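J.: Below, the features straight out of TrEMBL:
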type	residues	note
DOMAIN	26-207	domain 'Electron transfer flavoprotein alpha/beta-subunit N-terminal'
BINDING	238, 264-265, 278-282, 295-302, 316	FAD binding site
């Protein structure tokens, strides 16, 4: 009798591992001025949150203001963690002193995006760091979409003074994607009192023999709303003759409306208003509920800074002025006669 053979059947199992794209992790540079968070940073945080991943905030400054800012920032909706660095070196923030800190944080890190609002500081800081890391930087985006499957991010931004929209796609080959956010295109992030996030201190990076020195800062003081985020804006142009006439004509109207005051480049160049009030391609971009253009012809550079306003009211004695092409309400009249009448009607 032949011995019974044991037959064992083996079933081969093929296991295939798929590489999954990493979740986005944005580092957002949150600016503040003497403890007050920049309003544009709040809009940049909203944009960073739309990437769909983690968002880490970065706050730098002197010991006088950083603790206060950290307490405010850690409650912002959309943040998942917060880094802060305190040093007298950062009391007056300069690209030359801040870039080594950013380079250190980004070196070998898990961050996929670096985000900021397009202030004068960020316009120097982000491209500087991006160039050192040999990656591009996209400025003033108005929308974004992140594709997790391909780890690419697509942005839109206005070009040619807002007359065309450019679509830019940064592929996965760009390890860290730098971009600034046009604040008028995103709602500011709100606060959540109950929010708890991880807060960590980061050692400052010393910069010996810094080639740049801060001399002074001159700020135009005003009790009016901040021009960048005001819901109503009254702007004046070259026909207002001089600084005294500019103020005497526009300030009463702004007071009645509770509005911020702006100016065209021609008015700023003529010395009628401080350059912090300039609206346009080379000034501030605003999108208030109401924008009143008083004596502004509507040059393409100015339109680029206010064409997204919800309602545009124009007063100009030239019926062919380009401002009337974008205005929702237009009044062909002498501004020196029309503005006092408007103020009188508003007071009734």
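Cβ from N, Cα, C; glycine included.
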J.: At a 10 Å cut-off from the C-beta of residue 238 (FAD binding site), count the other C-beta atoms across all protein chains.
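T.: Other Cβ atoms found within 10 Å: 18.
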J.: Of all the binding-site residues given, 278, 281, which residue's CB has the most CB neighbours within 10 A?
T.: 278
J.: With every protein chain in view, how many other Cβ atoms are within 10 Å of the Cβ of residue 302 (FAD binding site)?
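T.: So the number of other Cβ atoms within 10 Å of residue 302 (FAD binding site) is 28.
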J.: To what whole number does the mean pLDDT across the domain 'Electron transfer flavoprotein alpha/beta-subunit N-terminal' (26-207) round?
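T.: When the pLDDT values over the domain 'Electron transfer flavoprotein alpha/beta-subunit N-terminal' (26-207) are averaged, the result is 93.
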J.: Fewest other Cβ atoms within 10 Å: which of the binding-site residues 296, 299 wins that one? Let me know.
T.: 299
